[in-house]
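Feature annotations, reproduced from Swiss-Prot:
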type: SIGNAL; residues: 1-23; note: signal peptide
type: ACT_SITE; residues: Ser64; note: active site, acyl-ester intermediate
type: ACT_SITE; residues: Lys67; note: active site, proton acceptor
type: ACT_SITE; residues: Ser124; note: active site
type: BINDING; residues: Lys230; note: substrate binding site
Amino acid sequence: MKRLLSTLLIGIMLLTFAPSAFAKQDGKRTSELAHEAKSAVLIERDTGKVLYNKNSNERLAPASMTKIMTMLLIMEALDKGKIKMSDKVRTSEHAASMGGSQIFLEPGEEMTVKEMLKGIAIASGNDASVAMAEFISGSEEEFVKKMNKKAKELGLKNTSFKNPTGLTEEGHYSSAYDMAIMAKELLKYESITKFTGTYEDYLRENTDKKFWLVNTNRLIKFYPGVDGVKTGYTGEAKYCLTASAKKGNMRAIAVVFGASTPKERNAQVTKMLDFAFSQYETHPLYKRNQTVAKVKVKKGKQKFIELTTSEPISILTKKGEDMNDVKKEIKMKDNISAPIQKGQELGTLVLKKDGEVLAESPVAAKEDMKKAGFITFLKRTMGDWTKFK
């Protein structure tokens, strides 16, 4: 059982949250947002609130939107220091043999992680995706295991990966909702939009094989605020897109599966984004990695450890509603004791209004904490004993 560490009234002016505002859709207007797609979903990034959905849990071929998970695992490896942007990645014969969209890597060719990430995010390179999979995990098969493990960690119930590219393969599927959650997780790493939000760039500059990259997501150029995330197309999947756009404090993620043409795909995503920004607004409360509390640690080298947010935390409301305040609660896990690793989840931050939960998000250790040595532990025990003497 979890115990309540603290309850703090946040004296901030926020718009009133009404659960029915998100459960009820605005009739005819929302029914026409993605009427040509097989499935679609619209969420707000910080809160994950679903603003619109159409068959969003249907299992369908995701095509190259698969690379959202591929990029997520790359960004995680970078964040944990397992790889660096400057690392050289050598292309295997297997990676170079990938068909479909590619950056035409040759066996033995080397590019940096940064260059490979450009090739994946901008040009949807299948060869670059497999090269990075092999670089991180040793083989494509081991990387796919990581992809499915991460999907399970994120609670995705309608996703199964067979490759890191999205090329058609039996048993390879996802859903609009699951894809939106993957994009939500990827966008925690804000630097990813430097890649996904770039419309054109070059690889192999200053060589006779200079290669022009043009983003397959045309909305980056034509819809203000769009900076990601990934398109997809195969004969089975048809035209797909997971798009992200930011306006003011609000970031929306719109996903479309199975549109008949690129024009139709972009039009439906545009309608969803327009709807999100015209009807809702986001109120940021915490940035990612912001310190929110500290907790006592048993047997630690230090007595207390600071807790930080694991993602941006905001409240989403309909526009024009009344203002009110919000309560913050931090529910800690029982028996927190050293050793503790940086980033280890130690509790949950809960935001409530009038008893209704508005948002929940994990809080994690700000830094590593080793177990106290014998001398430290003895001094602390003696100090505690003298206090009660």
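From the backbone N, Cα and C atoms, a Cβ is placed for every residue, glycine too.
Looking only at other Cβ atoms within 10 Å, the busiest spot among the recorded positions Ser124, Lys230 turns out to be Lys230.
In the three-state DSSP classification, the residue listed as 'active site' falls within coil.
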